[in-house]
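What follows is a short report on a single structure.
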């Protein structure tokens, strides 16, 4: 049997055409469609249940822990087939290519649909779209080296069920193929396909998905360097926190200089700069570093403010000790003091503000 897993969110209008095309592609074969829906408000699950009268569709609704990767793993756990196909429901992955993917599995563990194996399939794309898509694949290709894959970010692929160990998969991000390839030693084949245009519904790609992708790539990188997955994720979060903090230094500097030029006392200018950078750092850490925190805004902001006050105090104390008492070279002392404040700010934010 072939199991076709399609994760969905607000894809009601595409389902009838999708199921019809899958049925035509797999005509006379034993197959099932596992539609795993993230509790779509547009009635996707209800429409799929209705269509299950005409097609072999099993519907699973996930009311929490939403995400494409989590949905695919849920489908994997429920699949009865020996061969698994993963594809989107938006008709951008052509069901007509499923038989070719399945055929490739006779000599490999996984067959990946690629948009970039041949140039012709993306010739109609705008230059900006080509640059964005190819550029986004570069980090994945780097961390997966020496594996050679023209489209490591593909969401259209098929694999033999017994070749993939789902127990070790970490369902973070929306590029589950990367996770499968990272956690399993697989023989890979590629199948060229032309990426279709979305007919209805909206793209799910936004800031959160981009951040998740980069976090996932970073986690895989550190894992391949020998760290455990929890250690890798924490190091990725620390890098994000440090990056946000670096931009916060620029915000602080701009506010401080502007205040000084407007004849504010340096202590007042420093206070305004600290508060301005604090707002900046809080917003971006909330959006990027700790985006999955479920704490209330009031809780997050209050504890972030208090933790950063503590970090500022640590910074000042270390400067006094290193320069005033130990006579350490000022630039080196400043870096050490910044690092001390950073440690308190990061671990305090992680454990208190955004846990």
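Residue numbers in this text run from 1 along the chain shown.
Just so you know, glycine gets a Cβ as well, placed from its N, Cα and C.
These numbers come from a predicted model, not from an experiment.
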Of the residue ranges 204-223, 264-283, which one carries the transmembrane segment annotation in TrEMBL? 264-283
When you get a sec, could you say which of 163-186, 235-258 is annotated transmembrane segment by TrEMBL? 235-258
Of the residues in the domain 'GtrA/DPMS transmembrane' (241-354), how many are helix, strand and coil by DSSP? 98 helix, 0 strand, 16 coil
